[in-house]
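Trainee: Please see the structure below; I have some questions.
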Amino acid sequence: MTASCWTICLFLLGSVTEFIVLASPEVNESQQQHPQNVYHDIGVTRNKIVTAQFECYQKIMKDNSQDRRGPVCNRTWDGWLCWDDTEAGITSEQHCPDYFQDFDPTEMVTKICTESGQWFLHPESNRTWTNFTRCNLHTTEGRRTAMNLFYLALIGHGLSLTSLFISLGIFFHFKSLSCQRITLHKNLFFSFVLNSIITIIWLTAVANNQELVQQNPISCKISQFIHLYIFGCNYFWMLCEGIYLHTLIVVAVFAEKQHLMWYYLLGWGFPLIPATIHAVARSYYYNDNCWISSNTSLLYIIHGPICAAMLVNLFFLLNIVRVLITKLKVTHQAKSSLYMKAVRATLILVPLLGIQYVLLPYKPSGRVSAEIYDYIMHILMHYQGLLVATIFCFFNGEVQAVLRRHWNQYRIQFGSTITQSDALRSASYTASSITEVQGCYSIDGHTEHLNGKNYHDFDNAIIKPENPFA
């Protein structure tokens with residue numbers, strides 16, 4: 001595909017995605033015409049509390065209470081949370097509920113069972129009391145952290161877009177870089193460009209718009225579908241890079257030409273399958289909040305194939321390294337050394353892009369440690385485009401050699417142009433001075449000598465310096 005085709009596709013997809021996300025007039029008009037939508041939050045919270053209360057009373061009735069020994073505080077529902085039987089003198093605790101936006105689920109709620117086997121009574125109200133004060137103790141800090149993470153993501157995708165566009169410009173401009181491996185690089189970069197654009201639109205137009213998320217219109221679900229599809233394309237194009245190198249080095253033994261159609265089907269076509277299955281499943285289960293909620297195992301439909309692709313890719317790359325090391329020991333071929341450099345970049349990149357899935361299940365429960373974890377995960381997730389462009393383009397030896405060669409040519413041309421213009425000015429000044437002298441003294445023979453061959457030789461000697469780098 002030419003650069004103009006890539007540009008047109010990028011413009012159309014970005015415009016369509018932004019239109020899908022932003023063009024939801026039915027939501028805004030319904031909010032203006034129906035004031036009860038303002039209380040949508042209250043309705044959702046009430047439903048959560050009623051559901052939790054129903055489950056608590058079922059649990060209270062089913063649990064066996066015959067094996068109690070000593071004074072025990074009875075199981076109870078305090079209005080928000082369910083508490084099991086607790087021994088006297090013990091402080092029971094559990095995580096804060098997610099009923100309200102300013103509640104931090106990582107913080108803990110406590111309820112004291114006194115030595116007498118009664119739940120603690122608040123001295124002012126003389127009623128049983130549960131300590132929820134820590135749930136919104138760090139609300140301001142949490143909001144500040146959320147905004148920092150939001151801007152960190154935007155900056156990351158902005159830097160990624162800048163570096164990716166520069167890299168694509170280099171690949172398209174310098175025809176000497178054109179080969180099948182660079183074509184795969186272009187598709188990989190283009191998938192990361194689309195991912196950054198759609199993520200920026202998603203963060204600013206959907207995730208940052210709570211009213212839109214609660215209304216759950218079809219437009220934001222479509223944008224989430226596109227987002228997850230492009231997200232999968234990133235990793236399957238990385239798999240294409242690994243398969244290409246494996247076929248080139250291990251299977252086809254340095255054969256340069258391969259059929260790229262299969263790579264296009266794998267990189268752009270296959271991610272449609274898990275994205276479609278996920279969309280159908282979410283439409284039947286967890287069909288809420290624009291499909292943003294992550295408390296569902298349905299996300300394994302997306303993450304499972306991605307993890308499988310990365311494991312297969314890692315296996316291919318390790319096998320390639322094994323083959324290349326063997327070839328280098330036996331033959332010491334320069335070509336094997338060059339391929340080793342190409343493999344090294346991919347081998348470094350695959351773990352860096354996949355480490356987030358290793359860390360994903362291990363989010364710490366503490367507030368500070370969870371905040372550090374969020375910062376690390378945001379850097380790993382939202383700066384991937386910058387990382388890919390840096391390793392595959394800016395650190396690429398071929399790209400550096402081409403840029404260095406063109407820079408030296410530019411310096412030579414620019415330097416020779418300056419030297420030539422200075423020489424022409426000097427020759428013109430010399431010729432005009434001689435002409436003036438000839439006019440004053442009327443020495444015709446000398447004039448003919450200067451305007452003849454000897455003069456042109458002098459001119460050429462001035463224009464063509466011995467040192468071409470001067």
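Using the three backbone atoms N, Cα and C, a Cβ is placed for every residue, glycine included.
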Trainee: Going by Swiss-Prot, which one of Cys96, Cys179 is joined to Cys135 by a disulfide bond?
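Mentor: Disulfide partner per Swiss-Prot record: Cys96.
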Trainee: Determine, on the basis of Swiss-Prot, the cysteine among Cys9, Cys82 paired with Cys56 in a disulphide.
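Mentor: In Swiss-Prot, Cys56 forms its disulfide bond with Cys82.
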Trainee: Per the topological domains given in Swiss-Prot, are Ser116 and Leu212 together on one face of the membrane?
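Mentor: Yes - Swiss-Prot names the same topological domain for Ser116 as for Leu212.
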Trainee: According to Swiss-Prot, the disulfide involving Cys113 connects it to which residue among Cys73, Cys179?
Mentor: Cys73
Trainee: Can you tell me whether DSSP puts Asn131 (N-linked glycosylation site) in helix, strand or coil?
Mentor: strand
Trainee: Using DSSP reduced to three states, classify Cys82 (disulfide bond) as helix, strand or coil.
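Mentor: Note: Cys82 (disulfide bond) is in a strand by DSSP.
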Trainee: Should the transmembrane segment (261-281) and the transmembrane segment (184-206) be scored as in contact, given a threshold of at least 3 Cβ pairs under 8 Å and pairs 6 or more apart?
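Mentor: When sequence-distant Cβ pairs are counted, the transmembrane segment (184-206) touches the transmembrane segment (261-281), since at least 3 lie under 8 Å.
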Trainee: I need to check the long-range neighbours of the transmembrane segment (184-206): which residues 6 or more away from its ends have a CB within less than 8 Å of a CB in the stretch?
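Mentor: Hits for the transmembrane segment (184-206): 6, 10, 13-14, 17-18, 21-22, 150, 153-154, 157-158, 160-161, 164-165, 167-168, 171-172, 212-213, 220, 223-224, 226-227, 230-231, 233-234, 237-238, 240-241, 244, 260, 263-264, 267-268, 290, 292, 382, 384-385, 388-389, 392-393.
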Trainee: Pick from Cys73, Cys82, Cys96: which of these disulfide-bonded residues has the biggest number of other Cβ atoms within 10 Å of its Cβ?
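Mentor: Compared across Cys73, Cys82, Cys96, the most Cβ atoms within 10 Å surround Cys73.
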